[in-house]
């Protein structure tokens, strides 16, 4: 009778032990499989996020420099920043764009304006005061609209991700003339405006009122969600965001040839870091700062990397614990079969064949457990994975670096109250957060079990079974048949 047949008969004869081993092994394999699927899903999510983020470098104003330029508190107790020194000269941005590794770029600048003629902002439930002040802080102002000047709307993240889509007319390009704009479909419907229609906006700059008439060349439809913070005033409502070219916004701000930020797309991702180093040499680091997308997705991917590490630990710890538990169970089982082992060895059976019999018995149980684990592992993996990502992403609410946009304020109002930056002149206006930002931190994982995962699990289960059998057999098989039968 060969060891395979003996293993099969022993498994059938001792059903209670076989069921116990099946339950224990299934529980072990379910958690190992959950760890494998979570780790694979997080790895895929990391790669997808890197592709989504792209390889970009953002030029922004240095926050420390901007704060150092604050004027002393006025008689009213408010600090004011000179708007002339908190913009980036277009010449500086264009100089960096000449690098051969830069495949494309986006310049942007932002301000706010009030309705003048032919248009009314979509109202919010909040108080829509055009200006507010804090007796202990800098002067702040808002308006009815956020006016975003860009070099090309196709390169703006909201349009690249299809959050905003041109439904009528055309978008803004480098060839767009001054005083042409695109507006949201909600704003157009609210004011019964069409492509070719005109409306006027106004803004007060340095105690002078500037009024501009804009001609609509396009209407975009936005699918972005609006939260309560964005409804605090009209200008922060995405429906009231008007896109135009940079020169038009500059005329509203009373400046010339300046931008708030520039985003450069790198043709070769491998050269991102070297380009960043070269760019830093070409700018005044005291005035300007550069942020790469690598820094961005490092923070965005932190929850995924944490989960991948946790999944790896789950696999390792459960495998070790499983091997120990199975070793103890098999060891107890083998001790009960000392007489059987002694008789087989007395009949001349090879020690390794006896070990192979025990391994085969455990292998039969493992195959059944593997089938059961394959059915339940995907569900357990989804539950564990999404709980882990939920706990990790709640900690990823702080923007990257000191130059990131704060909270949900609109473009051009990136500096929070207390920093004295008028809308449209903040260091965060049009920054990487508004022009090259990926969709955000991953909030769920696509955990799907594949054939490769089952193969990995099968391999690990074989290793666990083999180690357990060998460890459990050492104490018995190193003895002689006479000693085994005598002790029994």
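Backbone N, Cα and C atoms are what each Cβ position is placed from, and that goes for glycine too.
The region 'Disordered' feature in TrEMBL is assigned to 125-146 (among others).
TrEMBL lists 125-135 with the feature compositional bias 'Low complexity'.
Per-class residue totals from DSSP over the domain 'ABC3 transporter permease C-terminal' (314-391), listed helix then strand then coil: 73 helix, 0 strand, 5 coil. Per TrEMBL, domain 'ABC3 transporter permease C-terminal' is recorded for 314-391.
Long-range contacts of the transmembrane segment (314-334) within the same chain, counting only residues at least 6 positions beyond its ends with a Cβ under 8 Å from a Cβ of the stretch, are 17, 20-21, 24-25, 28-29, 31-32, 34-36, 38-39, 341, 358, 362, 384, 460, 464-465, 467-469, 471-473, 475-476. Summarising the annotation, TrEMBL assigns transmembrane segment to 314-334 (among others).
Listed as Cβ neighbours of the transmembrane segment (354-376) (distance under 8 Å, sequence separation of 6 or more from its ends, same chain) are residues 3-4, 6-8, 10-11, 18, 21-22, 25-26, 28-30, 32-33, 326, 330, 334, 341, 344-345, 449, 454, 457-458, 461-462, 465-466, 468-470, 472-473, 477. The annotation transmembrane segment is assigned in TrEMBL to 354-376 (among others).
According to TrEMBL, the feature region 'Disordered' maps to 394-441 (among others).
Summarising the annotation, TrEMBL assigns compositional bias 'Polar residues' to 394-407 (among others).
Annotation comment: TrEMBL describes 428-437 (among others) as compositional bias 'Polar residues'.
Look at TrEMBL and you will find 457-477 (among others) tagged as transmembrane segment.
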